[in-house]
Amino acid sequence: MTATITNKKSCSGSVEAGKTRLTTEWKPESQVPQYVKNELSKPHPNYILAFLNVVQQLKIQRRTGYLDLGIKECESISDHMYRLSIITMLIKDSRVNRDKCVRIALVHDIAESLVGDITPVDPIGKEEKHRREWETIKYLCNALIKPYNEIAAKEIMDDWLAYENVTSLEARYVKDIDKYEMLVQCFEYEREYKGTKNFDDFFGAVASIKTDEVKGWTSDLVVQRQKYFADLTQSITK
């Protein structure tokens, strides 16, 4: 393969990359740490190291929604991605290629290494968020990965697009498990903080889960959560 990665589907699944309106001056290159820029400016850059240094940002960026609730030592983006990937290995549905699920799970939030963890309450609109993520995945694949391994660049791009556009059963499962893992984490924080943090808005994601298997997991989680709060209320009123 020698062609530059120019997949025409945007992360919204319908807008061609060439037609995406650039609503701001934000560019992924502007978010790259200076020491990585210094490496890339060398006559013979170490592209693997540069890419890993960018991905490292996922390990130190904490999840915005939890920070907004005052959970200072909350999980990082990569914490979420790791457990999500583990959960995909547990899928029982025989139609599903679990290895493909793991690949998709590992890259689904990789653009957040430069974009950050933007939430619905942030002042950045959904269209702009998607544009930034699309520009970032193109930058990561074409500018950092492709010079070293063109096949890997295409595979990562394809896996990321599969998730964004939900073009396979595996992508659908990862979408659902992404929400399920978040709900598990929310319930863990609710127990840690003895119900003093309100995660009700997060549990609105239950309605958007599509696959029967993940629906079953989620139903069990919701029942456990309801019992926890019933028991907590009872202990307080005694």
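Including glycine, each Cβ sits where the backbone N, Cα and C put it.
Record note: Swiss-Prot gives His80, His108, Asp109 as divalent metal cation 1-binding, and the candidate from Asp158, Asp176, Asp178, Asp200 in that site is Asp178. Highlighted in sequence order, Ile77, Met81, Leu84, Ala105, Val174, Glu181 have their Cβ within 8 Å of the centre of the Cβ atoms of His80, His108, Asp109, Asp178, the residues recorded for divalent metal cation 1, and are not part of that set.
The two recorded residues, Asp117 (divalent metal cation 2 binding site) and His80 (divalent metal cation 1 binding site), show a Cα separation of 12 Å. There are 18 other CB atoms within 10 A of the CB of Ile118 (divalent metal cation 2 binding site), with all protein chains counted. A coil conformation is recorded for Asp117 (divalent metal cation 2 binding site) in the three-state DSSP classification, outside any helix or strand. For the pair His80 (divalent metal cation 1 binding site) and Ile118 (divalent metal cation 2 binding site), the Cα-Cα distance reads 15 Å.
Other than Glu112, Asp117, Ile118, the residues of this chain whose Cβ falls within 8 Å of the Cβ centroid of the divalent metal cation 2 site are, in sequence order, Gln61, Thr64, Ile77, Asp109, Val115, Gly116, Thr119, Lys129.
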